[in-house]
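Have a look at the structure below before the remarks.
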Amino acid sequence: MYNMSCYNPSSFILVGIPGLEKFHVWIGIPFCVMYVMAIVGNCILLYLIAVEHSLHEPMYFFLSMLATMDLILSTVTVPKLLSNLWLGSQEITFSGCLTQMFFLHFSFVMDSAILLVMAFDRYVAICFPLRYMTILTLPVIIKLVVSIVMRSFSVILPDVFLLKRLPFCRTRIIPHTYCEHIGVARLSSADISINIWYGFAVPLMTVILDVIFITVSYTFILRAVFQLSSQGARQKAFSTCGSHICVILMFYTPAFFSILAHRFGHSVPQNVLILFANFYVAIPPALNPIVYGVKTKQIQDKFILLFSLKKSQ
């Protein structure tokens, strides 16, 4: 019975942010504000794209996918964080921990894949503007969506089984605010070398490849833009890509910093690493709708029109 409970523990304890317990109430306030911003901003974005026929284009369809993944990423982590900080609810069931871990990593890999598809969309729009609608047809878009969903699902699902095979007899206290693959695996007294190698290989096979292909896409885009003779056409092309570049930087910069800090920043205090990891899952979902609202004129116009109609009624 003891061995069975080791392989199927009832629950884990999420410590929160060690060393900052007396500030937990205050730390929760900015995360609550960012979560509300993420929910409201992404829901408005999804509503505008759904009801406005002028936004029924490939670019905005991919943007709606990004907004959906942002909602999943923030919802799977921030509410549990707030209940931990404000209510002292530290316990999470084993199945709940695995579910949180799966959707956390799945949404991260999906976000990266969507940014790659959006970079391809901008490449076609700027380098082949006259053939844009003939290249990005509905069947092509469906194939792209199915392929990135299947890729993300197939590379993250093994994480669940790699954790389920481990015994957790030594400790069930997770020094974090949410469950992530390697953090949970380190609680086991068994050999976790497979978990470590797989956890290293997945970002290499997915996220790093996505970054390489995004860089290649923007290299071709910049070459095409600088070949334009008109200054106005150049500015229009840069404004078209501006919001996407901002979102790419907001997504990848803290992600790589967090990964490098966890791997090599042994002198960095643990509470700083945990705080940064939480800001990473809270800030991009909150700011992405604002970036696209400010940088994309079509969304900005529809947003203003929506609220002007509400006021006139």
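Backbone N, Cα and C atoms are what each Cβ position is placed from, and that goes for glycine too.
Heads up, TrEMBL stuff is auto-annotated, nobody curated it.
Now, the feature entries from TrEMBL:
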type	residues	note
TRANSMEM	23-48	transmembrane segment
DOMAIN	41-292	domain 'G-protein coupled receptors family 1 profile'
TRANSMEM	60-82	transmembrane segment
TRANSMEM	102-120	transmembrane segment
TRANSMEM	132-157	transmembrane segment
TRANSMEM	196-225	transmembrane segment
TRANSMEM	237-260	transmembrane segment
TRANSMEM	272-294	transmembrane segment
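Same-chain residues lying 6 or more positions outside the transmembrane segment (60-82) and placing a CB less than 8 Å from one of its CB atoms are 14, 28, 31-32, 34-35, 38-39, 42-43, 45-46, 49-50, 89, 92, 100, 103-104, 106-108, 110-111, 114-115, 117-118, 121, 141, 145, 177-178, 247, 278, 281-282, 284-286, 288-289, 292, 298-299. Only pairs six or more apart in sequence are counted, and the transmembrane segment (272-294) with the transmembrane segment (132-157) gives fewer than three Cβ pairs under 8 Å, not enough to call it a contact.
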